[in-house]
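Taken from TrEMBL, the feature signal peptide covers 1-22. Sequence annotations record features per position, and here TrEMBL assigns domain 'Peptidase A1' to 82-498. Marked as disulfide bond by TrEMBL: CYS113-CYS119. According to TrEMBL, the domain 'Saposin B-type' annotation covers 312-353, 371-461.
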Amino acid sequence: MRRKIVMVFVLWYLMCQLGLESASHVGLLTIGLKKRGLGLSRLRASRFLWRKSAERLCDIRGGNGDSGIDVMPLKNYLDAQYFGEIGIGTPPQNFNVIFDTGSSNLWVPSAKCYFSIACYLHPRYKASESSTNTKIGKFCRIPYGSGSIYGFLSKDNVRVGRLTVNDQVFIESISEGNLALIMGKFDGIIGLGFREISVGRAKPLCYNMFEQHLISNNLFSIWLNRDPAMEEGGEIVFGGVNSKHYKGEHTYLSVNRKGYWQFEMDDFLIGNRSSGVCDGGCSAIVASGISSLAGPIAVVTQINHAIGVEGIVSAECKQVVSEYADVICDLLTSGTLPGKVCSHLHLCCSVGTQAEIKTVVEMNYKEKSWDNNLCSTCKMVVSWVQGHLREKLIQEEVFSYVSELCESLPSPMGELVVDCDNIARMPNVSFTIANKSFILTPEQYILKVREDNFTSCFSGFIAIDVPPPQGPLWVLGDMFMGVYHTVFDVGNRRIGFAEAT
């Protein structure tokens, strides 16, 4: 059973299936989503792929029945990724592609892909069979951490629903060195991020939709239905917003780093307690290419502890606590900046000159076998101690809690099993964004996986550590977007959230 659970995390985010129907008018394109159930055999590959990917690192109304709407239903496979059928070329060659706000390129397998197994398991684009193909030929690569796709740029017409985007630049993939691409149900990806992160500077498809007057407003919105009993999975609306799928007003905030849909986040709370991760500022990215919620390992560990995750025991963490916790408390209470504590303990190297660095490194290799892992562990323990000293707890209480957190560190492969019977007793978590609280209940952040009449429950949080200045960083995936309807306003470089209905 343990092996089966470990295998769960390889396929989740990238395994999905989408059916497509459409009716069109210029101005708005609506893509409806449908669901399929989540099974154990596909969960782990997708989670592993996202973990590796993350590490490299005008409210316009509309709705079904209104004029200027194009409806295109989607199916959601495994509550994970949403993809739909598009056509490339003349006549159209059809491909199932993921709609991913965490990337910006369109790519599909090429007929010239000869040496990758994944290409033979999916339809391949044949440039010679399209009368509208224009050869570009520039080679490029998109890394995915556990592998990559490699190919060359081409240009052709792309049909989405009954809309046709002319002269869209895309990648013909000729090498797909990734296990999840072999096992996935999708053929390629449509990136919905900004052009700044587009490989080869290719103009994203949603840009061309607006510039070619196929949609009336330079934005799109996403509603996800997370009810597993419902066939309808949600919808993506290009050019507008369907007012039926949210209530109240959207909270808008500016994109602070154009590329990803990234913004400043104020705080993250477990129950009513601040995690402290955003004290020095932190950012968040909204990405429809991930079902989970990804955050700094120090905070994810606190969540795991609060919800009773069965994690691995970290000897390194316990070593730092047992040997240095009292000194860490003394340094923090005496006014030492948290970022300097581990340097004072010679567990991190943070000195100025090359000669000084060499001396410190040599000294610590001799005295303590200094390495990056121990440095990271020290910083994590400091953040935990600092957070609880603020609450004026006695040192013994702080030490006891921090030692317990060591037990809740995520395992290397990310399997975070929880007791399904305890969900009702778990705390809410909340993201403070633009001074407003966006709450997720345990039912919304715990994943229930059913197979062979047996239900397993998993934490919806996975750990990534992105160092400053880019980090700390949160990635808010479908788990967040299922609770909060999201508007991606390309033209005004802003993103908006409202409670989904």
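Using the three backbone atoms N, Cα and C, a Cβ is placed for every residue, glycine included.
Nobody curates TrEMBL annotations by hand; they come from automatic prediction.
CYS113 (disulfide bond) is surrounded by 23 other CB atoms, counting those within 10 A of its CB over all protein chains shown.
Sequence-distant neighbours of CYS119 (disulfide bond) (same chain, 6+ residues apart, CB-CB distance under 8 A): PRO109, SER110, CYS113, SER173, ILE174, GLU176. Per-residue pLDDT, averaged along the domain 'Peptidase A1' (82-498), amounts to 85 for this model.
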